[in-house]
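Asker: What follows is a single structure, and I will ask about it in a moment.
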């Protein structure tokens, strides 16, 4: 038998094994539901960025990119990502039919979201007014950063995200993004034709950020009412840590790891602006926005997988748990390889036709960014698995180790080779992050394999 025939036979066997499983077929349908909506929203969003870049040019677009990066960094560093504990413990409450506990959990998450959103706005304004040089905000950026940060008090995403994930509102979550993206493109197109400047475009992006967040919150409350969970905001919070043991420990550990990781993922554009200049930050931001399209697709995949992993681990279905992790990683790896190939072939004409010839220097940045994104996508599956297992400390250690490597690499390379140094730092971080999670994942699976396995899968 030839090598080609052998490979084809193994591929057919793998495909038959994967797609014959009803659970995976269900997950795949949900994933495709999300990806279709996410793809349309991402492509339309890219058009909005292209229109903005054409209207403003590299220098002013670089200033707006720094506003994006600063606002998002503060939100990620300060806000409490309540969706993680809500999904983990909410999935268990739904499995056990503890309706009142789920109501209290959702209110707990909403209160955390509101408090963190207000704190993030206060922190952002304080840093801009009193410490802007330390965070890469130059004098010409201050006014626009203050305008854009007005969206922060409305960034209440944790509880709404958890609700739509727990209740399977995947189509709602995906396609609600599309409408907002089209409105943003319409406004940016009007701005380009009318000759609007940096101030007007800052208000467009800030306003759409507020509308998007508030719409998602409204959809989440409608979904809870539709599912029979009435008056979430009147649920009592007293004694919630007794009825849901480990809630604070898991929430704090998971959020510390996200905060540390955000220091790399969200501060990178600011680092490029600080160590280089706003124009370099604008080029890097264009590359990052294109790369984030794929990363958002990976987030949507986790939207489907993480609640299911939490349920499987809670019911000791170790074999099914392991199989979903493996299948999802293969799916993301295959999609990632296709992504890198397509990006390598099309990125230069794409930038030329959209953002314009002034941004063609971002092309090699996008290719390297795509490689880093594919690695992060596969690592994210391991992260979801470890969190579902209750191994949040292992996630925290992996994040500490890999983020330190990112900052050392970025500070060493950005002054020498510019924004490409930040991309190389991301590849370094992703490699070490995956390795640092793979070892405890395999060890914990081995410790639990066969013990009380209720999945019935080999």
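Using the three backbone atoms N, Cα and C, a Cβ is placed for every residue, glycine included.
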Asker: Under TrEMBL, which of the candidate ranges 8-30, 31-53 is annotated transmembrane segment?
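Answerer: Checking TrEMBL against the ranges 8-30, 31-53, the transmembrane segment one is 31-53.
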Asker: Mind checking which residues reach the transmembrane segment (424-441)? Cβ under 8 Å, same chain, six or more beyond either end.
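Answerer: 264, 268, 325, 368-369, 371-372, 375-376, 378-379, 382-383, 385-386, 389, 391, 394-395, 397-399, 401-403, 405-407, 409-410, 413-414, 417.
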Asker: Mind checking which residues reach the transmembrane segment (143-166)? Cβ under 8 Å, same chain, six or more beyond either end.
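Answerer: Contacts of the transmembrane segment (143-166) (Cβ under 8 Å, skipping residues fewer than 6 from its ends): 63-64, 66-68, 70-71, 74-75, 79-83, 86-87, 90-91, 94, 106, 109-110, 112-114, 117-118, 120-121, 124-125, 128, 132, 137, 172-173, 198-199, 202-203, 205-207, 209-210, 213-214, 216-217, 219-220, 223-224, 303, 306-307.
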